[in-house]
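Novice: Below you will find the structure I want to go over with you.
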Amino acid sequence: METMGRHVISELWGCDFDKLNDMDFIEKTFVNAALKSGAEVREVAFHKFAPQGVSGVVIISESHLTIHSFPEHGYASIDVYTCGDLDPNVAADYIAEELRAETRENIEIPRGMGPVQVKQAKAKAQAL
């Protein structure tokens, strides 16, 4: 079925505390992830929480990438939504690698053209 976009939702566990708590590192990682997927970056907004955690969004011409990090749990929730021919898994894989995620669960949701059919996203295999 033809869709308007692909939305990958990643649950990242066992991530490095310092990386999850470093707003500049996360911002750079997300911009690089967007560029590696072939996206055109439009806007970038990130916020550092006290005592820890980062939330942010990279708006791309093709949609968006978001993160909410919980360093105290080694956890990050990631969304990568792309329209057109871009593969959101390219960006999601890069982010998981950069955050050194030990465990990753993904789902991919086709958006905008009919009933939602949730499927496991094809995540790049990672050695633990």
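Every residue gets a Cβ built from N, Cα and C, even glycine.
Sequence annotations record features per position, and here Swiss-Prot assigns pyruvic acid (Ser) to S63 based on sequence analysis. According to Swiss-Prot, the active site, schiff-base intermediate with substrate annotation covers S63. Feature annotation from Swiss-Prot assigns active site, proton acceptor to H68; the stated evidence is sequence analysis. What Swiss-Prot records for C83 is active site, proton donor.
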Novice: Are there residues of the same chain, six or more positions away from C83 (active site, proton donor), whose CB falls under 8 angstroms from its CB, and which are they?
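Specialist: The list for C83 (active site, proton donor) reads M4, G5, E62, S63, given in order along the sequence.
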Novice: Taking the Cβ of the residue listed as 'active site, proton acceptor' as reference, which residues of that chain separated by at least 6 in sequence fall under 8 Å from it?
Specialist: G53, V54, S55, A76, S77
Novice: Please classify the secondary structure at the residue listed as 'active site, proton acceptor' using three-state DSSP.
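Specialist: Assignment for the residue listed as 'active site, proton acceptor' reads strand.
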Novice: Let me know how many other Cβ atoms fall within 10 Å of the Cβ of S63 (pyruvic acid (Ser)).
Specialist: 22
